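Here the structure is laid out as structure tokens; the discussion comes afterwards.
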């Protein structure tokens, strides 16, 4: 392969890497927006579940930090960032608190799957920098999925209304 071919392949990978990481950026912003909507829902005076409100506020801030880390990394690498429209969350479609927690867990699982896909593609392209960058994200996703699973199971166990939900929320408030 000549130098020109190598440069063309490098530019092609740079474009693909930018698109892949931009797809992850969109997922992080969608999660930020979803968790912000969840926090607003639980903080509403008609719902008034302060533990869940605080938990989802923390989740939203974490997702925003993830997005900023991706932007900073892409800028350091000289990758083009493709911003896309963030999906408006519809919290009203969930009937119970446990449904919101289950949806959150499923969302985090989808995010993890995307990170692993990007990492696999980057590894095949020989881009160890992206693979290494994403390692921390993988560990954080696994922790988030585990935490959301625990919350979902305990919410179902306590009940989605009345005193059980109140006690569940209060224990979460003490934890966060």
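Backbone N, Cα and C atoms are what each Cβ position is placed from, and that goes for glycine too.
TrEMBL annotations:
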DOMAIN    11-159  domain 'Ferritin-like diiron'
BINDING   28, 63, 66, 141  Fe cation 1 binding site
BINDING   108  Fe cation 2 binding site
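Recorded features from TrEMBL, shown on the structure.
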residue: 28; record: Fe cation 1 binding site; DSSP class: helix
residue: 63; record: Fe cation 1 binding site; DSSP class: helix
residue: 108; record: Fe cation 2 binding site; DSSP class: helix
residue: 141; record: Fe cation 1 binding site; DSSP class: helix
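The average pLDDT the prediction assigns to the domain 'Ferritin-like diiron' (11-159) is 96. The Cβ of residue 141 (Fe cation 1 binding site) lies under 8 Å from the Cβ of 108, 111, 112, 115, each of which sits 6+ residues away along the same chain. Here the Cβ of residue 66 (Fe cation 1 binding site) has 23 other Cβ atoms within 10 Å, regardless of which shown protein chain they belong to. Highlighted in sequence order, 27, 31, 32, 62, 65, 67, 111, 137, 140 have their Cβ within 8 Å of the centre of the Cβ atoms of 28, 63, 66, 141, the residues recorded for Fe cation 1, and are not part of that set. Broken down by DSSP into helix, strand and coil, the domain 'Ferritin-like diiron' (11-159) contains 123 helix, 0 strand, 26 coil. For residue 28 (Fe cation 1 binding site), applying a Cβ distance below 8 Å and a minimum sequence separation of six or more within one chain yields 63, 64, 66, 67, 70, 111.
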